[in-house]
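Here is the structure we will look at, set down as structure tokens.
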Amino acid sequence: MGKPKGDAARSKARPSSSSLAASLLPSGSAAAVGFGGYVGSSRFQTSLSNEDSASFLDLDSEVAQHLQRLSRKDPTTKIKALASLSELVKQKQGKELLPIIPQWTFEYKKLILDYSRDVRRATHDVMTNVVTGAGRDIAPHLKSIMGPWWFSQFDLASEVSQAAKSSFQVGSSFGNSVFLVEAAFPAQEKRLHALNLCSAEIFAYLEENLKLTPQNLSDKSLASDELEEMYQQMISSSLVGLATLLDILLREPDNTGSANINSESKLASKARAVATSSAEKMFSSHKCFLNFLKSESPSIRSATYSLLSSFIKNVPEVFGEGDVRSLAPALLGVFRENNPTCHSSMWEAVLLFSKKFPQSWVYLNVHKSVLNHLWQFLRNGCYGSPQVSYPALILFLEVMPAQSVESDKFFVNFFKNLLAGRSMCESSSTDQLSLLRATTECFLWGLRNASRYCDVPNSIHDLQVDLIDKVLVKILWADFTELSKGSIPPNQRKSAENLGMGNSVSYLQELGRCILEILSGINLLEQNLLSFFCKAVQESFLNMLQQGDLEIVAGSMRKMIDFLLLLERYSVLEGESWPLHQFMGPLLSKAFPWIRSSELLDGVKLLSVSVSVFGPRKVVPVLIDDIETSTLLSVEKEKNMSPEKLIKVFQEIFIPWCMDGYDSSTAARQDLLFSLLDDECFTQQWSDVISYVFNQQHQGFNNLAAMKMLLEKARDEITKRSSGQELNQRIGSRPEHWHHTLIESTAISLVHSSSATTTSAVQFLCSVLGGSTQDSSISFVSRSSLVLIYRGILEKLLSFIKQSPLCSVNDTCSSLIVEAIAFDSSSSVDVIVVAKFAAEVIDGSFFSLKSLSQDATLLTTVLSSIFIIDLENRMTSLVDNTLSESKEKRKDRNFVCDYVHAVCSKMDNQFWKSINYDVRKSSASTLAQFLRSVVLLEDDLQPFELTLLCASRMTEVLEYLSLDQSDEENICGLLLLESDAWPIWVSPSSSASIDTHGMPVQLCELRKSKSQRYVSFIDSLIMKLGIHRFIVGHKDHGFASQAWLSVEILCTWEWPGGKVQTSFLPNLVSFCKDEPSSGGLLNSIFDILLNGALVHVKDEEEGLGNMWVDFNNNIVDVVEPFLRALVSFLHILFKEDLWGEEEAMAAFKMITDKLFIGEETSKNCLRIIPYIMSIIISPLRTKVKSGGSGKDTLLPLEVLLRNWLERSLSFPPLVLWQSGEDIQDWFQLVISCYPVSDKAEEAKELQRHLSTEERTLLLDLFRKQKQDPGASTVVTQLPAVQILLARLIMIAVSYCGNDFNEDDWDFVFSNLKRLIQSAVVVMEETSENVNDFISGVSSMEKEKENDTLEGLGHIVFISDPSINSAQNALSAFSLLNALVNHKSVEGEDNLKSLADETWDPVKDRILEGVLRLFFCTGLTEAIAASYSPEAASIVASFRVDHLQFWELVAHLVVDSSPRARDRAVRAVEFWGLSRGSISSLYAIMFSSNPIPSLQLAAYTVLSTEPISRLAIVADLNAPLNDESLNDQDSSNAGLPSEDKLLLRDEVSCMVEKLDHELLDTDLTAPERVQTFLAWSLLLSNVNSLPSLTQGRERLVQYIEKTANPLILDSLFQHIPLELYMGQSLKKKDGDIPSELSVVASAATRAIITGSSLSTVESLWPIETGKMASLAGAIYGLMLRVLPAYVREWFSEMRDRSASSLIEAFTRTWCSPSLIKNELSQIKKADFNDESFSVSISKAANEVVATYTKDETGMDLVIRLPVSYPLKPVDVNCAKSIGISEAKQRKWLMSMQMFVRHQNGALAEAIRIWKRNSDKEFEGVEDCPICYSVIHIGNHSLPRRACVTCKYKFHKACLDKWFYTSNKKLCPLCQSPC
């Protein structure tokens, strides 16, 4: 292995190949790598000799490890190894890489042919880093890697080839290929020199590759498909690489850079010689590459085409005659190639071969081998390569020898097949364009080159004519006109349209363009040829006219119109006369008489388009050429007609023909007329037309209708004429060019006439005025005439308004009449008819109103009239039209209003912006005054709807008008002007209260009604526009000027559709929070309200008996308007922190200053000060406490409070008070200064503000009330004393409770019990009275129902003051109870004087009374409901009247003890009314007029002990037994059948008798709420019963048998399953929508707790989301209590999408908790038997039950599915010992039956199965019907024995057998049973 021979002879002047290679490489690290490979045996050769190569052992260990991993078969391992190797190579430079290169080169050659493209790409990345790091040191290896390097550039995978090209890119263009080899050889000459240097090695490498086969490609065992793919990749890349290399090396040298030619010429010459010799060798050895042409691989065939093209271009000398003969069929007959990826290289090869070797055509049968395949190729749309193949067709015609085809047949077949391929291109407009472009080029080429195919001139002409006739006329033109050979019957034409793209508009346009270009080309070539096409088309057209088939004629004319439009579009007319003189002129000349006589619509359109295209003065001579008329002079052809002659022809022929008659063709004839208008003759022609129309008087001619259509056409003509380049310069481009005195005079006379109100008159006026749309502003009358027309229209509108039945509309009319309008209200014309006429005109010309902007008065009046009529139209829905006469009267009037409403709908922002600002402002002012009049005057309309309508209309108009802020404020100010009816509480000018004394009651009530209605209007405006528009509208006068409006609204209190607390006050608060300077406004409001209350409180002396107001609910109890407004206003100010301590102190000072007038007390102030003190006392005390130690801050409040306490102490005890004395006011004042709270923290905070002296005085005042017990009779006679006493007790307990002694507590309790007991007595008497009344009328006739309900109302209406007294007592007791509970929980030293042994019995006794109140109201409603639902509603409405009282009752009922409830129930049952305690609870819960707190209380009592056991099952049933099912074995006696069990009627109707109509109700409907509550109760009751007891099993069986599963469907109407679509299931709880999270949490909580009480507690007020939560909780309870029931429902679902969503919801949110609960219960279960054990696997959700008996045993595996319990539990036998297969199968089936049918815990099912197995071992025989000892449903034993065969059966099984078989025979022996 020595050195190579010849080294010694090498001269110094000749460098070695390695040194030359090194010179080509840049220094440093600018080298990169390409794509290489291996061929034949060379793949195993190293690139260096043994002497120069580095030892493998010298490699870095890590590099060596990765190189070794490259020989692995796994592509993933290779990719990871290459990635690691790439990083290692990056870290090395220069000489460090030399040891790596030999081994890497070896691996590189193997890797470039790897099957995985990722491996090949990663290989090039490593090679890039190797060459980059090695730099010039890679030179010795260059020749060995250049072949693979070059080969790698052409990998079929683009990402791999790009990775290779990124390092070796040749930046020169060779032929059509650009190859970039940049990084390794950045200089262009070095790149070329590198290829020259290594050319021999590259050719050798490629030659070796081409010799390989799939069998010898690899030494590894690979799959055949992988081998085939690798082979195709290698061959195609080698072929393309070879073609590219030949193009580069054998190209013509570039002489522009000849400076270095001498130095490089030898190397280049050598490379060219090597290339030529190698090419000859390979061409010969591979037999012209014919085998590759026949390959099944498209990539190999495409590469072969490219290679042959390169050979033809670069080494044509290699082609011998035999080679040409061999290749001719393969290349010229190549049109069988159907793979579009090959077509580009295919066409290049075919064209080059045919051009280079034209003699090749003689070696084959052209028709058979070429043309047949070419026709097929064209018919198939070039097999998907239209963009490539169609442009090549003309080149193919050029190179195809003429003598090889028959010209007369060739071209016809060529174009037929070419155009047949259009059906394959219909999806792409680009492909269609390519097809038609090729058609045009090839056709014109055929005409120009006809001489190539013919020697004789006549033959040339005949060929050209033949082409025009057979191709242009019969194919292209026929296709364009959708005709074939002259005509296609309609039935065949329809089928023809469905083929290809004949009916495609875009295709037809392009086809027409193609025909036009061909015709233009023919005209340039020889004009005489054009006549053959024109004559053929004309003859065909005229033949159709003669045949008379109008449908075919119309279609042909439409296509001719299309062709004319294309002529105009593509500007074919420029400089060419043939379109008219040769084509259209003769055709129109002969067709005009037929068109004129037939008046075919499309024929007239054809004339119009022809005139438009060519011009009237050119077309008219053609049309009249054959008409002999004495009045017409002859016209010389081909010359424009003179204006005079044109006018004469226009007058005598075209005007009469186009304007006579009015039919379907009139529009088309008028279009023709307009097209004939010549610019020079325009004025005369238009005047002639107008005169002719108005002068026609013959019968049947409608002048106005004809003019209307004519004017619309004129409007379009104006638009068309003004859109050109000469804008507004051309005659007829401006509206005034079309004005005519006859038009104006006719329009004016029509609008002022009372008889001309026809539809045609309306349409004529609308067409004259214009303005039908926003853009239609063209009018045909002058401005003065326009004003006269609209004055006439306005007069008609005002006459209509004047006769309005609404007084406000009628009243407003007078303000709209202006002097310029001659308005005669006494006219006898039909107002409805003329108003309808005017409305229709305005509707059709609305936007022409903008032209009246200069006449502001007229336009304002017109717009205002429209506003008023439109509002009347909107108000008609509020009129009571119960009388038929009223309906009839309004019917015609509404018809007019509807038109005006349509006008108003057009008034948008864009319209109003076009109107003069002064007009907009005046219109707004008129509208404001009109709306004000409507609200104040219309007493008979629905008030709320009326005010809402007026406010909405005002808001809409203000938004449209876009007025300035100041003008808008002025408009709002107009609405607040004072009138006779409004305001009624405060004067706007003086802000003083208005005195209404002495006003008649009826008038006063009327004024209040109007005022409430107007406040409703203002409030609606505030809601829509914002309160700032009215409160701070006039900033010049400040806030105070508008404070009166706030006071007026506050005093009004309620109005239609709103009230102060829910509407105005929230808006005011929000405004004041956002407006820092609103303090002055609030102070002004307070001042006005306080002064008004002081003045008016004396009027409400009797209404102030009870001042203890719930500020959130019952503030309406304050009757006096100013005081009520003042209290609510102060309450909201402090509640929302708008006022604080400072403002409270200022108010305190103001009110106390008014308390005394000199030495006398102001009685009015004394009456109202308690209300104010009750609100401001808390911030006052806070202010005093925070004021520090200064005495000045302590004196005012503390001194006054002490004085008031001392003043109250000076009075006798309340029990001695007599009516008429004024001590009540002082007591109320004192009590108001000591607020109480049932919240302990607030109570302690209040107590801390009290000084010792105050507490002492307060306690003394309380104890003073215990004096003189003999006055008890007075107490019962004065309810006010009871109220004050109850409140004083509350205060004393709250503030002085720790100082109470035993007597004090006795006094408190005795009074509370007495007051509450008095209400109990009243309620019990009411219940008894209702019971007696209903019992007495139950048999009465239905006619007396109204009397019965009236009598019932008298009974339940309780006016007894004991209810109010008891309400205060309940408040006191509730407060005391809260304080005691807080003491017991927190262990605080509060109320230490009250011992538990004292409190507990008193509490129970009082709560018993409260429960009796609760049951009484329920009993009363239940008894009334037994008569009718209306009766029950009357009872329920009484509770709403005493809402606060019953809410206190409900709160205390929930807090009552089980013992108190039990005693109350017993008392009710002992009472003996017609309804019991449970019925009363259901009556409250399902009340028709429910109170949420009472409903919750009823549910709580029904769902908890001791009532829950009585709540579900009907009274006639035996109580549900708690006896264990284990005790049933001994005897069956005493076990009642489940068939006897009945649910209570209240529950049964919602469980068993559920109606499908429930699914159609609203999601918050009362029916749904009641149903869900009933089911929640039922499920909670079942869950509370002990497991495996008779009672629970009977109830469960009854539910499963009778309950309607519709409940589950209704539940999932609430649960938002749609939120589970998509990816929702994969999200965590925090990511899912909140609506779904709440429902899921409710379901999970119900499963865990076994109760839905927490969800029910938050149910009210009823909302959709809360109902969804309850639905989720009920579903969770069902899954826990009735799993088998739910599973049966789920299994019967047919909606797959819904079932999958339900399963997903259950699996995610319910199943985990259920499975955890089941496994936990099984784990805790005590089976009490050594023979039975259970083991649990929580991870696998499995339970293994092991049963052993007498050396036999069996393991049963119970597996819970992830969507348990919707999917059944799976049971398998894991192991069995000593048990027969039959018994094993039997036990397995029995376990499956028990666990799958168990409605309860699985632990219960396992326990029952264990008992079943025990019984079998004890010898108990199983039931022959169900094959089980224990029945799976009722768990009974077989006890019914057949008297004949003695077998025993379960009773349930035997009953079912009898039922299904319809005979009572033993199932076994068939003997009678």
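Glycine is no exception: its Cβ is also placed from the backbone N, Cα and C atoms.
Per Swiss-Prot, region 'Disordered' is recorded for 1-21.
What Swiss-Prot records for 1-10 is compositional bias 'Basic and acidic residues'.
Marked as repeat 'HEAT 1' by Swiss-Prot on the basis of sequence analysis: 57-94. The list of residues near the repeat 'HEAT 1' (57-94) in space but at least 6 beyond its ends in sequence, with Cβ under 8 angstroms from a Cβ of it, reads 29, 100, 103-104, 107, 110-111, 114-116, 118-119, 122-123, 125-126, 129-130, 133-135, 137, 220.
According to Swiss-Prot, the repeat 'HEAT 3' annotation covers 240-280.
With a threshold of 8 Å between CB atoms, the same-chain residues lying at least 6 positions outside the repeat 'HEAT 7' (532-569) that come near it are 465, 468-469, 472-473, 477, 480-483, 486-487, 490, 493, 508-509, 512-513, 515-516, 519, 522, 578-579, 582-584, 586-587, 590-591, 594, 598, 600-603, 605-606, 609-610, 612-613. As annotated by Swiss-Prot, repeat 'HEAT 7' applies to 532-569.
Annotation source Swiss-Prot lists repeat 'HEAT 9' at 788-826.
Swiss-Prot lists 853-892 with the feature repeat 'HEAT 10'.
The list of residues near the repeat 'HEAT 11' (1059-1099) in space but at least 6 beyond its ends in sequence, with Cβ under 8 angstroms from a Cβ of it, reads 985-986, 991-993, 1019, 1022-1023, 1026-1028, 1031-1032, 1038-1040, 1042-1044, 1046-1047, 1049-1053, 1115, 1120-1123, 1125-1126, 1128-1130, 1132-1133, 1136, 1138-1139, 1147, 1150-1151, 1154, 1162-1165, 1167-1168. Among the features that Swiss-Prot reports, repeat 'HEAT 11' is placed at 1059-1099, with the record citing sequence analysis.
Long-range contacts of the repeat 'HEAT 12' (1120-1157) within the same chain: residues 985, 993, 1047, 1050-1053, 1060-1061, 1065, 1069, 1072-1073, 1082, 1085-1086, 1089-1090, 1092-1097, 1099-1100, 1103-1104, 1109, 1111, 1165-1166, 1168-1169, 1171-1173, 1175-1176, 1178-1180, 1182-1183, 1186, 1196-1197, 1200, each at least 6 residues beyond the stretch ends and with a Cβ under 8 Å from a Cβ of the stretch. Positions annotated as repeat 'HEAT 12' by Swiss-Prot, on the basis of sequence analysis: 1120-1157.
The average pLDDT the prediction assigns to the repeat 'HEAT 15' (1370-1408) is 78. Look at Swiss-Prot and you will find 1370-1408 tagged as repeat 'HEAT 15', backed by sequence analysis.
Counting only same-chain residues 6+ beyond the ends of the repeat 'HEAT 16' (1440-1477), those with a CB under 8 A from a CB of the stretch are 1110, 1113-1114, 1327-1328, 1331, 1334-1335, 1363-1364, 1366-1367, 1370-1371, 1373-1374, 1377, 1404, 1407-1408, 1410-1415, 1417-1419, 1422-1423, 1426, 1483, 1489, 1491, 1493-1494, 1496-1497, 1500-1501, 1504-1507, 1510, 1515. Sequence annotations record features per position, and here Swiss-Prot assigns repeat 'HEAT 16' to 1440-1477.
Sequence annotations record features per position, and here Swiss-Prot assigns repeat 'HEAT 17' to 1507-1544 based on sequence analysis.
Annotation source Swiss-Prot lists repeat 'HEAT 18' at 1612-1649.
What Swiss-Prot records for 1676-1714 is repeat 'HEAT 19'.
The zinc finger feature in Swiss-Prot is assigned to 1823-1870; the stated evidence is sequence analysis.
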**Fill in**
Summed over the repeat 'HEAT 16' (1440-1477), the DSSP helix, strand and coil counts are 29 helix, 0 strand, 9 coil
**Complete:** Per DSSP, the repeat 'HEAT 12' (1120-1157) contains 28 helix, 2 strand, 8 coil
